[in-house]
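Undergrad: This is the structure I want to talk about, given as structure tokens.
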Amino acid sequence: MSPQTETKASVGFKAGVKEYKLTYYTPEYETKDTDILAAFRVTPQPGVPPEEAGAAVAAESSTGTWTTVWTDGLTSLDRYKGRCYHIEPVPGEETQFIAYVAYPLDLFEEGSVTNMFTSIVGNVFGFKALAALRLEDLRIPPAYTKTFQGPPHGIQVERDKLNKYGRPLLGCTIKPKLGLSAKNYGRAVYECLRGGLDFTKDDENVNSQPFMRWRDRFLFCAEAIYKSQAETGEIKGHYLNATAGTCEEMIKRAVFARELGVPIVMHDYLTGGFTANTSLAHYCRDNGLLLHIHRAMHAVIDRQKNHGMHFRVLAKALRLSGGDHIHAGTVVGKLEGDRESTLGFVDLLRDDYIEKDRSRGIFFTQDWVSLPGVLPVASGGIHVWHMPALTEIFGDDSVLQFGGGTLGHPWGNAPGAVANRVALEACVQARNEGRDLAVEGNEIVREACKWSPELAAACEVWKEIRFNFPTIDKLDGQE
């Protein structure tokens, strides 16, 4: 990218192309407390130096363009430009490096994840000088965090609403995910809640299809909730998916859920979009509804190690946009999820203050100030034999969600729910007594089988089920 300039005497500036690093690579820059900081994994095209590639990322995601423009003289680039302030190698990767970029806060609209992402992960990801680009992490400064409402309620408020303490919450996704009539769907919801689960859930692609329109589903699920509550004395819920083709229709569905008196609704936040999600989160806080978030489409964005965006960034964005639960992988189930990386973004979802810890993929210290936390949801290919590991990995402030692991029980839906509840209670009691779930987990489950034929049957059915595939997106240095 050699400079090619000609002087326009009538204007008094040099037109043409100049190297990005001359303006946007500033290793001497000291970051401000108000800057949004980004860590990018950069794979430049052959012949493009790291400093030029890192500067190009900073430029194209902030104030820069491919050529010099005379209107640069009408503003202060020093005030508004992004800056690549540090570059470090990636262990074991000769062609990759991490570029750290600082963005001034004035570049972003207050309270808008949509605007933040449009800049930081916008056109720059198609830049020809880069073979691949991945956003690994963001530091959201408190000054920007305070412009967001965040989760509608948060962990403590949810526990108080449900009157459930001292253990993970239990859920189940109703299967088959598509094709049931509303009445049969409601029957499955009732059986699972009656058997001991706290929640049941619409699958992410259940919206309002010809076989089951949303209003019918909402009505039969509400009936199931009230009937199971009356019979068990426990507060129950079903994640009613309000995701729709327009924001207006989505809010209409949430309004109907509130009128039914149910405790929680659901949204597919990536396919629905951050603008829609933030709008729904505001409605939920104003109207006392909890909000469950599904991350459908996330693997399109986050699964490949060299290009896209890590889920820890999507998790931070969700905490800003708003949600009380979000799916976060399982580590032990059928879906992708490295253990240390998963534990890292689980902390980013739940905790108020998280220290930088590269061993868990956390590039920046994050202070959420007063923003409520989000419950991570473990879901996907899990069953009763996984209960000790899930309890040990995710702890009490989580939702453990068994779809096939409930509805696949040989005796039916309610016995499947009983099996999961007994296994969970046994694991929590054993942990509270000081037993090591990681070492004694299988023994703890077997002991509980003596008191629960439903659990014994579940253990027999799923004793050989494994999902032993290598993790694709491992932390650096784990290959």
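Backbone N, Cα and C define each Cβ position, glycine as well.
As annotated in Swiss-Prot:
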ACT_SITE  LYS175  active site, proton acceptor
ACT_SITE  HIS294  active site, proton acceptor
BINDING   LYS201, ASP203, GLU204  Mg(2+) binding site
MOD_RES   LYS201  N6-carboxylysine
MOD_RES   SER208  phosphoserine
MOD_RES   THR330  phosphothreonine
SITE      LYS334  site 'Transition state stabilizer'
Undergrad: Including all protein chains displayed, how many Cβ atoms other than that of GLU204 (Mg(2+) binding site) lie within 10 Å of its Cβ?
TA: 21
Undergrad: Give the residue from the recorded positions LYS175, LYS201 that has the most other Cβ atoms within 10 Å of its Cβ, counting over every protein chain displayed.
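TA: Counting Cβ neighbours within 10 Å, the top one is LYS201.
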Undergrad: Counting across all protein chains shown, how many other Cβ atoms sit within 10 Å of the Cβ of SER208 (phosphoserine)?
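TA: The Cβ of SER208 (phosphoserine) has 17 Cβ neighbours within 10 Å.
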Undergrad: If you draw a 10 Å sphere around the Cβ of HIS294 (active site, proton acceptor), how many other Cβ atoms fall inside it, taking every protein chain shown into account?
TA: 28
Undergrad: List, in sequence order, the residues of the same chain other than LYS201, ASP203, GLU204 whose Cβ lies within 8 Å of the centroid of the Cβ atoms of the recorded Mg(2+) site.
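TA: What remains near the Cβ centre is THR173, ILE174, LYS177, ASP202, ASN205, VAL206, TYR239, ASN241, MET266, HIS294.
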Undergrad: I need the least crowded one of these recorded positions (ASP203, THR330), counting other C-beta atoms within 10 angstroms of each C-beta.
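TA: Lowest Cβ count within 10 Å among the recorded positions (ASP203, THR330) is ASP203.
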Undergrad: How big is the Cα-to-Cα gap, in Å, between HIS294 (active site, proton acceptor) and GLU204 (Mg(2+) binding site)?
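TA: HIS294 (active site, proton acceptor) to GLU204 (Mg(2+) binding site), Cα-Cα distance: 6 Å.
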Undergrad: Of LYS175, SER208, THR330, which is closest to LYS201 (Mg(2+) binding site) if I measure between C-alpha atoms? They're all recorded positions.
TA: LYS175
